[in-house]
Amino acid sequence: MKKNPKISLIGSGNIGGTLAHLISLRNLGDIVLFDVAEGVPQGKALDLMQAGTIAGSDIKIKGTNDYKDIEGSDAIIITAGLPRKPGISRDDLISINTGIMKNVAENVKKYAPDAFVIVITNPLDVMVYVMLKESGLPHNKVIGMAGVLDSSRFNLFLAEEFKVSVSNVNSTVLGGHGDAMVPLARYSTISGVPIPDLIKMGLSSNKNIEKIIDRTRNGGGEIVALLKTGSAYYAPAASAIEMLEAYLKDKRQILTCAAYLQGEYGVNDLYVGVPIIIGKEGVIKVVELQLTKEEKALFDKSVEGVKKLLDTIK
């Protein structure tokens, strides 16, 4: 009998709990739910296992406060850290969450050095860099959840604008996972037709698309302002699951993620959101899009923002 993959979730808050539920429903593997708060991962694990009996899932879920339980993990998703709250930007979280990420990285290095690691903790582009450098894992096995989520928001707003199914929309968002991200209308389509062509057909306007791009950039902040006590968790969890599944099932799927760049897009030694192919080796290839001068300028501005943020912790 084939052994289930072992998936460890570091952080058992809203995203961690949602991740565990989705993994169980999709039967992706057995789960270790870790948190420093005593009782929280254990309680959620028991609740989720009981929910699994209704769904007919035999996935095993263990709640723990001991890092040793992540030993031998095939994949790890990290959500540990302070979430955003109203008035707090992703960047304000940097000093506290850097300390948390360093501790997580040490334990990943110790107990699961062969794992594929997905980081969700904000500020994302810096946290995933810290994970890489502190853990010593190969860069193709450490990525950040960014573009899949940003594209999902762009997809929704475009579907609403054109009054079509979200399944007809395919969008691309590059750059840092922050307010300077770069939603690319030229590389976004409705049933294969690029957005600029649809504008020429009179189905929308440049003004409307610019509003949608601005809303996409502030997508996380919009939810933080509405919730008042936290940040988004359903969509971030669903985005990470898509990345996890591409790895576990060797799908060789193109997804936009925060990936480590070594010259691609003219960027070195930095994590930035770009399209990558994900399969059983982790990051198989970085896909380099041909950008116009204007698009490249926006991308470079976003990259500069990531660099400045990273400089504050170096």
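Backbone N, Cα and C define each Cβ position, glycine as well.
Feature annotations, reproduced from Swiss-Prot:
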ACT_SITE  His177  active site, proton acceptor
BINDING   Gly11, Ser12, Gly13, Asn14, Ile15, Gly16, Asp35, Asn97, Ile120, Thr121, Asn122  NAD(+) binding site
BINDING   Arg84, Arg90, Asn122, Arg153  substrate binding site
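Within 10 Å of the C-beta of Asn122 (NAD(+) binding site) we count 28 further C-beta atoms, all protein chains included. Within 10 Å of the C-beta of His177 (active site, proton acceptor) we count 30 further C-beta atoms, all protein chains included.
If you count neighbouring Cβ atoms within 10 Å for each of the binding-site residues Gly11, Gly13, the highest count belongs to Gly11. When the Cα atoms are compared, Gly11 (NAD(+) binding site) and Arg84 (substrate binding site) turn out to be 15 Å apart. The recorded positions recorded for this entry are Arg84, Arg153, His177, and the Cα of Arg84 lies nearest to that of Ile15 (NAD(+) binding site). Of all the binding-site residues listed (Arg84, Arg153), Arg84 has the fewest other CB atoms within 10 A of its CB. In sequence order, Gly11, Ser12, Gly13, Gly16, Pro41, Gly63, Asn65, Ala80 are the residues of the chain that are 6 or more apart from Asp35 (NAD(+) binding site) and have a CB within less than 8 Å of its CB. Cα spacing between Arg153 (substrate binding site) and Ile120 (NAD(+) binding site): 16 Å, rounded to the nearest whole number. When the Cα atoms are compared, Arg84 (substrate binding site) and Ile120 (NAD(+) binding site) turn out to be 12 Å apart.
Within 10 Å of the Cβ of Ile15 (NAD(+) binding site) there are 27 other Cβ atoms, across all protein chains.
In this structure, the CA atom of the residue listed as 'active site, proton acceptor' is 10 Å away from the CA atom of Ile120 (NAD(+) binding site).
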